[in-house]
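To keep things clear, I will list the structure first and then write my remarks on it.
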Amino acid sequence: QETLVGKYGEGTKLIYELQDQGGELLALRYDLTVPFARYLAMNKITSMTRYHVAKVYRRDNPATTRGRYREFYQCDFDIAGQFDPMIPDAECLKIVHEILSDLQLGDFLIKVNDRRILNGVFAICGVPESKFIPACSTVDKLDKVPWEEVRSEMVGEKGLSPEAADRIGEYVQLHGGLELIEQLLQDPKLSQNKLAKEGLGEMKLLFEYLTLFGITGKISFDLSLARGLDYYTGVIFEAVLLQQEKQHVEEPVSVGSVAGGGRYDGLVGMFDPKGRKVPCVGVSIGIERIFSILEQRLEASGEKLRTTETQVLVATPQKHLLAARLKLISELWDAGIKAEMLYKKDPKLLKQLQYCEDTGIPLAAIVGEQELADGVVKLRDIATRKEVRM
């Protein structure tokens, strides 16, 4: 449990905690990033590029229609190591862009910001440092609720002054590209802040690399992006699917974020007894969320999806031929062919062919008494009903 607690900010209350019989305090992992950081520290690894697909657990209120579950798969991609600024970060964004394009999920936007820019904004707006993280998690809600609500939470719950909240509002509602970065670098107050200036300088660099990768069309520098987790230290990003124009779907799919990530330079050091740091940047793809969209698409299109990869069904037309089927299927399996048969001693031929139609198996290999006598197999193409003896 102590591996997980204290790394997620407000997310901590969503960690599943358990006690084993010995009374040891245990917990289920909340993401794949913290375990990765712990792994690097324990094995003294200072440089690594890896991806990882696995389950994570959150004690959340599930909303299955929106692809929000308590147990779900994530796919993480991370680059750990001491490298020059923004080169690995740009690659992570390139990967998200590639995945979302290849899956043809429709129009998407990758929002990018930097924790240092955000903290700089809070600082020049008069927010005390102790309130940076609470303010962050409130700003993060801007994509779901209007500014008025975010402002009242800042003032009412997080204890910021109304003036500070209004000043923050002027910044966090901005979004754009290189020209906005240039504009903020000229901002008299913001450019005086060391953190913000550093963040903006690197953001400019990032956009130059993204231009070279040819993906800036889908990327927006968005000052409202905060990401609720405590461990981010620099650039942060989140990919959202944009609402499709209603295409004969009663209920448009609103799934929000399908990928997110950022730079977490301090996390590995938290697990290292000597506090040795390994800078890291990574991205997490919400597999389950993407699946729920793909499933809804499929349903709307009325297409049938094959649920098996079986290439051929071994079938018999008469009774007492189970032995022939077992011998033939064994040969096919040994040859690396994906074959199936019905688990019945004497199935009817029609039933076997119907099974092929239902599951989309393209071929049936039929052995009857005549075929056995002639030493042949009859291969039937299910779709065209053509047959050849071989």
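Cβ atoms are placed via backbone N, Cα and C, with glycine included.
Annotated L-histidine binding site per TrEMBL: Asp31, Leu32, Thr33, Arg58, Gln74, Asp78, Arg227, Tyr231, Tyr232, in sequence order. Applying an 8 A CB threshold to same-chain residues 6+ apart, the list for Asp31 (L-histidine binding site) reads Val56, Gln74, Asp76, Ser284.
Across all of the domain 'Aminoacyl-transfer RNA synthetases class-II family profile' (51-317), the predicted model scores a mean pLDDT of 90. Annotation source TrEMBL lists domain 'Aminoacyl-transfer RNA synthetases class-II family profile' at 51-317.
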- Across all the protein chains here, work out how many other Cβ atoms are within 10 Å of the Cβ of Tyr232 (L-histidine binding site). 27
- Query: So how far apart do the L-histidine binders Asp31, Leu32, Thr33, Arg58, Gln74, Asp78, Arg227, Tyr231, Tyr232 get, largest Cα to Cα in Å?
  - Reply: 21
- Query: Taking every protein chain shown into account, which of the binding-site residues Thr33, Gln74 has the largest tally of Cβ atoms within 10 Å of its Cβ?
  - Reply: Thr33
- Run through the Cβ atoms and count how many others sit within 10 Å of the one on Arg227 (L-histidine binding site). 23
